[in-house]
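Here's the structure we're looking at; comments come further down.
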């Protein structure tokens, strides 16, 4: 009962923060808007300059893919942490003890800033999973590929399955973890979207546990389609690993729903899918 009451109080505080941030959208003066744009410009300038230098290092290390992965994680820790610090965003991290072992880390995706959190917090020896078209993203796509992260071909089911088999082979041979956004795209309003099945297929083949990584408030710190970054409190919460050793192919839909429901229960009302509030209590 006490745990439920604490969760309810936390959700109310987060909802108040969401309402306040929405109201602030109409109050921002020109100075705050320009300051926010300036911060974004500075951050992207830093990313651009360092990405070029890091890309050259990655080219030199082409014969050593595992070293590229580890150094790519190090680059992400430095740049991701620097960007978060420059934005001045207050952060609370919970459950970091659940990141000590190999796993498939999954995260909800509601803001452009989520990518920097993933870069900053991914354990050393972790590869990202993205659609194969990421290689065409200017500079960062090429850096992603050079860092030996995994690209999934989603053009048809057969290609996707083959891509996932290759992903499992890589992480098994190199003793790596995975990190990915199971929604497959970014939410427009911060509310949780349906999950794709890819992360479950990867868990079935690799037998790695799944560690949910729940981001709360990022959609208020940097809203999709805007150039305004706000110092809104953000919580990063890791849940205990979910064992997948006894999972079977015939229950894939059940596993997807189970983990999606875990997110619904742990997100504040402002980030739950519409119509899910009562079901998640």
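Backbone N, Cα and C define each Cβ position, glycine as well.
Values in this document were obtained by computation on a predicted structure and should not be read as measured data.
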From 97-102, 103-108, 109-114, the residue range that Swiss-Prot assigns the feature motif 'HXXXXD motif': 109-114
Transmembrane segment according to Swiss-Prot, located in which of 40-60, 145-165: 40-60
Per Swiss-Prot record, range annotated transmembrane segment [choices 71-91, 176-196]: 71-91
Arithmetic mean of per-residue pLDDT over the motif 'HXXXXD motif' (109-114): 89
